[in-house]
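According to Swiss-Prot:
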| type | residues | note |
| --- | --- | --- |
| TRANSMEM | 7-27 | transmembrane segment |
| TRANSMEM | 50-70 | transmembrane segment |
| TRANSMEM | 77-97 | transmembrane segment |
| TRANSMEM | 113-133 | transmembrane segment |
| TRANSMEM | 148-168 | transmembrane segment |
| TRANSMEM | 173-193 | transmembrane segment |
| TRANSMEM | 198-218 | transmembrane segment |
| TRANSMEM | 221-241 | transmembrane segment |
| TRANSMEM | 247-267 | transmembrane segment |
| TRANSMEM | 298-318 | transmembrane segment |
Amino acid sequence: MLDVDTILAIIISFLIVLIVMPVAIPFLRYLKCGQVVRDDGPQTHHKKSGTPTMGGLVIYLSILITSLLFYKKYPQIGAPLVCASAFGLIGFIDDFVKVVLKRSLGLRAREKLVLQFLISITFLYIVKKYLGTDVYIPILNRYVDLSWAYIPIMSVLMVFTVNAVNLTDGLDGLASGVTLIVGLFLAIVSIFSKKSDMAIFSGAIVGSCMGFLRYNAYPAMVFMGDTGSLMLGGAIFSIAVMLKQPVLVMIIGGLYIIEAISVMLQVMYYKLTKKRIFKMAPLHHHFELLGWDEAKVVVVFWIFTIIFCLVALAIIQI
């Protein structure tokens, strides 16, 4: 199902992370880039304080090198690469503010949203000149032209997805594992859509996340930080844009969406009633506080991601 170049992209990106991470972890520890754990988080997370973060830099390096190796043959890889790089830069600045400047919450929410919308609108404005404004709706089995609404709708979906991936990065191996599965499905869809460039970029995501899991699975030796989660979120949705498949990505990334919605519901319900729907949001923390082991929550969420991908596959076949 995967072509030779995509398999090579997976292997190359995987090996880069495996080779670089053993050097990066002690270097991040030397720079005192330790994770700051919030006091209101689950008690079991307090022991994670000081674990090196910003490991997403290695994920990004892996994707960057792999993409550049294939760029001459597949120049359209440059579009999602630049978009992912821009979102990764926001994440890096956010991590820098939290870890180095010791401001625990990082950039202000308003600052991040403005920057994210600026990147999204710029990216969409450029690519729509080449791709047009039509997107594929799987359930309808046809393309729909969004016309003037293309940039407003797609930019909101992009920013929402990027932040949803960021919110999912709260347990050891959760975001990296879910993104590995999503990336693999996107690679397969890209091949069937005859988009080898997007298959290779998706493969780079798969390989880098696979390599990162070696060090991020419970108990994690390193976290990706916002550097990694925002970059991966931007990468995933930019592939969706290039494939004209934003709806499909919202389905296969259903776990991201559920995590984000759990936070939105928690905040809105608390403001209205001063009560909470969940013990804690995002949703993965709710299950932790119900007594589930962290590793169990992660594996169950991986399984649900696979189910979402199978649902998407069934919809495509209808």
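Every residue gets a Cβ built from N, Cα and C, even glycine.
Remember, it's a predicted structure, so these values are computed and weren't measured experimentally.
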Problem - CB contact flag for the transmembrane segment (198-218) and the transmembrane segment (50-70), at least three pairs under 8 A - result: yes
Problem - Of 7-27, 77-97, 148-168, 221-241, 247-267, whichever stretch has the most CB pairs under 8 A to the transmembrane segment (113-133) - result: 148-168
Practice task
Given the cut-off of 8 Å on Cβ pairs that are 6 or more apart in sequence, determine whether the transmembrane segment (173-193) and the transmembrane segment (298-318) share at least 3 such pairs.
Solution key: yes
Handout entry: Leading contact stretch, 77-97, 148-168, 221-241, 298-318 vs the transmembrane segment (7-27) - CB distance under 8 Å
Key = 221-241
Problem - Outside the transmembrane segment (298-318), six or more residues from its ends: residues with CB under 8 Å to it - result: 138-139, 141, 171-174, 177-178, 181-182, 185, 189, 218, 248, 251-255, 284, 287, 292
